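**Student:** Quick paste from TrEMBL:
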type: DOMAIN; residues: 33-117; note: domain 'G-protein coupled receptors family 2 profile 1'
type: DOMAIN; residues: 132-383; note: domain 'G-protein coupled receptors family 2 profile 2'
type: SIGNAL; residues: 1-23; note: signal peptide
type: TRANSMEM; residues: 134-154; note: transmembrane segment
type: TRANSMEM; residues: 166-184; note: transmembrane segment
type: TRANSMEM; residues: 220-239; note: transmembrane segment
type: TRANSMEM; residues: 246-266; note: transmembrane segment
type: TRANSMEM; residues: 286-310; note: transmembrane segment
type: TRANSMEM; residues: 330-350; note: transmembrane segment
type: TRANSMEM; residues: 362-382; note: transmembrane segment
Amino acid sequence: MAGVVHVSLAALLLLPMAPAMHSDCIFKKEQAMCLEKIQRANELMGFNDSSPGCPGMWDNITCWKPAHVGEMVLVSCPELFRIFNPDQDMGVVSRNCTEDGWSEPFPHYFDACGFDEYESETGDQDYYYLSVKALYTVGYSTSLVTLTTAMVILCRFRKLHCTRNFIHMNLFVSFMLRAISVFIKDWILYAEQDSNHCFISTVECKAVMVFFHYCVVSNYFWLFIEGLYLFTLLVETFFPERRYFYWYTIIGWGTPTVCVTVWATLRLYFDDTGCWDMNDSTALWWVIKGPVVGSIMVNFVLFIGIIVILVQKLQSPDMGGNESSIYLRLARSTLLLIPLFGIHYTVFAFSPENVSKRERLVFELGLGSFQGFVVAVLYCFLNGEVQAEIKRKWRSWKVNRYFAVDFKHRHPSLASSGVNGGTQLSILSKSSSQIRMSGLPADNLAT
């Protein structure tokens, strides 16, 4: 199961990891190739079940071709060990074909290929990958629930409908789609606890991977839109928000569509192998990775520019306050912008794939899965406008409920006829507003 998780984490990172295929899948692929080689060798040498000698075999590590009695066969250490132990000199392993069959390998895989080190490393990695998977599952689940609640709030209250919140809502949707796509991918591709996923190559699983990449790229681009919107708002004096929002929508949802469509088309014609969850072709992968890295770096530049503008505004005489309060407000503003802009992604944006892989998994998957939760809390639940609107609606509901109960007790005959306190309250409020519009005092009207 942990081997399955390793492949899943590699696909989630949006970065090609080494090896591009997990060890379980590599062994499966080597085994299939070995059986084909043995079959061809048997045909060339005229071997069958009754022939003397040693039949070809796959010993779960490497391939041994058929041999005659007295023949010694030499094989190199599997390529997999070179990947996991690049600094170790790989040797050769031999077997003798005797009348009793194959002899034991000499020297043993432990000595020639460092097999014991590989087993200990994979054992630790299995536990580590399972821990990271559990962490990002909790993170995406928490983010999905929080973001759904935030979307209901922003959609429910009309006073919160503005360009800024519309952009927030699109960002929330991109986070929600990212979480959903992760769960769908894990369910479709890696539900099996064996290595059957290594040879899955169906239209269904490829469509899942295309949808997954689209959701991830869209999320990065809406983080970029948040940064671009805030920077434009601070720089532009007259800012036609509605016209800009049209272009923001095209960039946020349209650009990922183009990138992923181009990648899927190229993958279909030039690298249609497996389920498209691993990326052996670096050139094709940059069709998706390039725009993502570009959006991260542009967002970082916008982030620096916004911080400079905030420093200038906070240091202006009109702001007031001492120096410590100015820096406190600057620090708070900076911390609020980091999750909104996705600045933490710049830490590993240009680092080599084989450097700090464990730290990258924890940082980008473990902590990154909670980014949607943090953004929803900061820009919805802790937002002053949202809190004020919720309190207003709560007070209005309590007043309506009080009048409804009170009116029912005071006038049971009217209450039974369908007239309630809420209706009476709305009638009174409409009458009072008409009185104010007429410009006459209420007491004059009474007389």
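Each Cβ is built from the backbone N, Cα and C atoms, and glycine gets one as well.
Just tell me what is around each of these and how deep it sits.
**Tutor:** Note on the domain 'G-protein coupled receptors family 2 profile 1' (33-117): its mean pLDDT in the predicted model is 79.
Here the transmembrane segment (166-184) has Cβ contacts under 8 Å with residues 12, 136, 140-141, 143-144, 147-148, 150-151, 154-155, 208, 211-212, 214-216, 218-219, 221-223, 225-226, 229, 245, 248-249, 252-253, 369, 371-372, 375-376, 379-380 of the same chain, all six or more residues outside its ends.
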**Student:** Excluding the flanking five residues on each side, which residues at least 6 beyond the ends of the transmembrane segment (134-154) place their CB within less than 8 Å of a CB in that stretch?
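**Tutor:** The answer is 12, 160-161, 165, 168-169, 172-173, 175-176, 178-180, 182-183, 362, 365-373, 375-377, 379-381, 386, 390.
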**Student:** By DSSP, what is the split of the domain 'G-protein coupled receptors family 2 profile 1' (33-117) into helix, strand and coil residues?
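**Tutor:** Result for the domain 'G-protein coupled receptors family 2 profile 1' (33-117), in helix, strand, coil order: 27 helix, 21 strand, 37 coil.
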**Student:** Taking 3+ C-beta pairs under 8 angstroms (sequence gap of 6 or more) as contact, is the transmembrane segment (246-266) in contact with the transmembrane segment (362-382)?
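**Tutor:** These two segments do not touch.
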**Student:** The transmembrane segment (220-239): which same-chain residues, six or more beyond its ends, come within Cβ distance under 8 Å?
**Tutor:** 163-164, 167-168, 170-171, 174, 248, 251-253, 255-256, 291-292, 295-296, 298-299, 302-303, 305-306, 309, 337, 340-342, 345
